[in-house]
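First the structure, in the form of structure tokens, and then the observations on it.
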């Protein structure tokens, strides 16, 4: 079976390399940096949905002395421990809180993270109690099972292991040294920090300046509501900051007459704060998730927006995006109309994003958008997409209305149909795929490839050999389509490159993974012209796969 690169081409639609100043919660891919595991030397880009989960971290109580006695001491001069399958259980079992990076030596993003991670480890050694950072080469054969156990799908993946390894979560913090230190110090403490009734105004100021902060207000710090709040804080602490108090008057926009119990979520967007008095744990989680996310996500260079951007692209629902120049004289008018559309149609499971064209270059390349068509509205649904180029502010609401009513025609990305197509391996594009493959009445072997994929480059001469060998058979076509430059119809499940499908003249569509010219020719010979349901097709597919 051919090894495959993930089907999503580079670059991802978020900033590809944040500056030191902008490396906040951005993990250019855990959506990252997040390249999926791949062949050494070929850094495979993870898809947008690849969406590795980011979660939490917390208190560490083991003394650093235990670390010095562990069999896997860090290399001389290194603060980061080096672990492997042989000592992982022993070292993790000696700590109530330990941070582990799963990396690959050939991964460029891992190499960028390394000095920041090392600096953070050195700084956290003096924390009371010390916070331990470790690393595992997940690409080494010895450690592949270990990586699988911890759900590693991309490099680097950082995991937080608690209670001597009994619980683990993905790291959800910044990737610069200072950010790592601050995040882990906070996570190593209690899930929610108490704000004393006698707190000075700076306590309120810190809440106002900390992004989304969830504050529980209680008559006393006990009872079922308080316990429910603390349980949710423990579960969601990776993504949100939690505080609690018995005096609402110390809070921003506080009111000493409010006695609680209630939860007040502060945020730097939309209505600035919102309250809830439902302490059912599931309901409280949903309240925090929905209220703590902007009605419209902003795609710009601000570090504060990166975590919302990541969550936006992780979401599997329909996405509506407005791209324009934020320096445009009418930018505010566009914002107003787009926010109105979001307020009207968010209930239709549509999430909204407004992006500055300068900051969104990755998105333009990823989605095949054209800067010359800005301002534009781009809607990405599960199996189709829609583009409204050079849109006017007053056209935004009607366009969204048409989409929700199902009257818009989908946009199909396609390269131009070749004027000359006389090579042994024929070129197929989205606009002529049905004609060449499904409606030609011929037996067609179609490869979906990516120009940057090394595995595809190795397959190319093999397909050329097959095409030349079968050139005298007018009923056989060997073809290829660039899956990064053309939309792939839902008839095909292309999850990696190369992907091959054989469509027989009898109407059978079969996935195939031949390795050699001989195998591919034999497969085509056995299956060409077969009718649906014929035994030869079923048996030959079993033989080949």
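All positions are counted from 1 along the displayed chain.
Just so it is clear, glycine is given a Cβ too, placed from its N, Cα and C backbone atoms.
Fair warning: this is a prediction, and the values are worked out from it, not measured in the lab.
Annotation comment: Swiss-Prot describes 107, 110, 453, 456 as active site, nucleophile. Annotated domain 'Thioredoxin 1' per Swiss-Prot: 55-189, in sequence order, evidence recorded as sequence analysis. What Swiss-Prot lists as domain 'Thioredoxin 2' is 403-545. The annotation region 'Disordered' is assigned in Swiss-Prot to 1-24. The site 'Lowers pKa of C-terminal Cys of first active site' feature in Swiss-Prot is assigned to 175.
Residue 456 (active site, nucleophile) sits 21 Å from residue 107 (active site, nucleophile), taking the C-alpha atoms as the reference points. Comparing Cα positions, residue 175 (site 'Lowers pKa of C-terminal Cys of first active site') lies closest to 110 out of the active-site residues 107, 110, 453. Here the Cβ of residue 175 (site 'Lowers pKa of C-terminal Cys of first active site') has 26 other Cβ atoms within 10 Å, regardless of which shown protein chain they belong to. Here the domain 'Thioredoxin 1' (55-189) has, by DSSP, the following mix of helix, strand and coil residues: 51 helix, 28 strand, 56 coil. Residue 453 (active site, nucleophile) and residue 110 (active site, nucleophile) are 21 Å apart (CA-CA, integer value). Cα spacing between residue 453 (active site, nucleophile) and residue 107 (active site, nucleophile): 16 Å, rounded to the nearest whole number. With DSSP classes pooled into helix, strand and coil, the tally for the domain 'Thioredoxin 2' (403-545) is 49 helix, 28 strand, 66 coil. Counting every protein chain shown, 24 other Cβ atoms lie within 10 Å of the Cβ of residue 107 (active site, nucleophile).
Just so you know, the Cβ of residue 110 (active site, nucleophile) picks up 24 other Cβ atoms within 10 Å once every protein chain is counted.
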